[in-house]
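Participant: Okay, handing you the structure first.
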Amino acid sequence: MNYLTLIAAASLLTAGTESKKDGYPVKEGDCAFPCGYDNAYCDKLCKERKADSGYCYWGNILCYCYGLPDKAAIKGYGRCRPGKK
């Protein structure tokens with residue numbers, strides 16, 4: 001019976017919470033946002049998408065966000081296809 005009470009309490013505490021993820025935000029066609037080494041631009045872009053913060057990842061010269069909502073679209077493994085939704 002104690003296990004049932006513990007599980008019920010844990011379920012109530014986690015109800016309504018959102019998980020967060022990190023990644024490259026994307027626009028149409030699974031295309032990431034180029035940043036040209038501008039950290040301020042990426043931080044603003046990420047916060048507009050409800051992330052905690054963001055920066056310009058120098059290896060790819062693309063914006064990378066920390067703490068995006070779980071429903072936010074991030075870059076997958078496919079190619080960028082401009083013009084496709």
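Using N, Cα and C of the backbone, Cβ positions are placed for all residues, glycine too.
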Participant: Taking C31 as one end of a disulfide recorded in Swiss-Prot, give the other end from among C65, C80.
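Facilitator: That record, Swiss-Prot, gives the partner as C80.
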Participant: State the disulphide partner of C65 as given in Swiss-Prot, choosing from C46, C56, C63.
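Facilitator: Candidates were C46, C56, C63; Swiss-Prot matches C65 with C46.
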Participant: In the domain 'LCN-type CS-alpha/beta' (21-81), how many residues does DSSP assign to helix, to strand and to coil?
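Facilitator: With helix first, then strand, then coil, the domain 'LCN-type CS-alpha/beta' (21-81) has 13 helix, 23 strand, 25 coil.
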Participant: In the structure shown, with every protein chain counted, which of the disulfide-bonded residues C35, C46, C56 has the densest set of Cβ atoms within 10 angstroms of its Cβ?
Facilitator: C46
Participant: Would you kindly give the Cα-Cα distance separating C65 (disulfide bond) and C35 (disulfide bond), rounded to the nearest Å?
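Facilitator: Between the Cα atoms of C35 (disulfide bond) and C65 (disulfide bond), the distance comes to 12 Å.
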Participant: So among C46, C63, P82, all listed as recorded positions, which is physically nearest to C31 (disulfide bond)? Use the C-alpha atoms.
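Facilitator: When the Cα distances are compared, P82 comes out closest.
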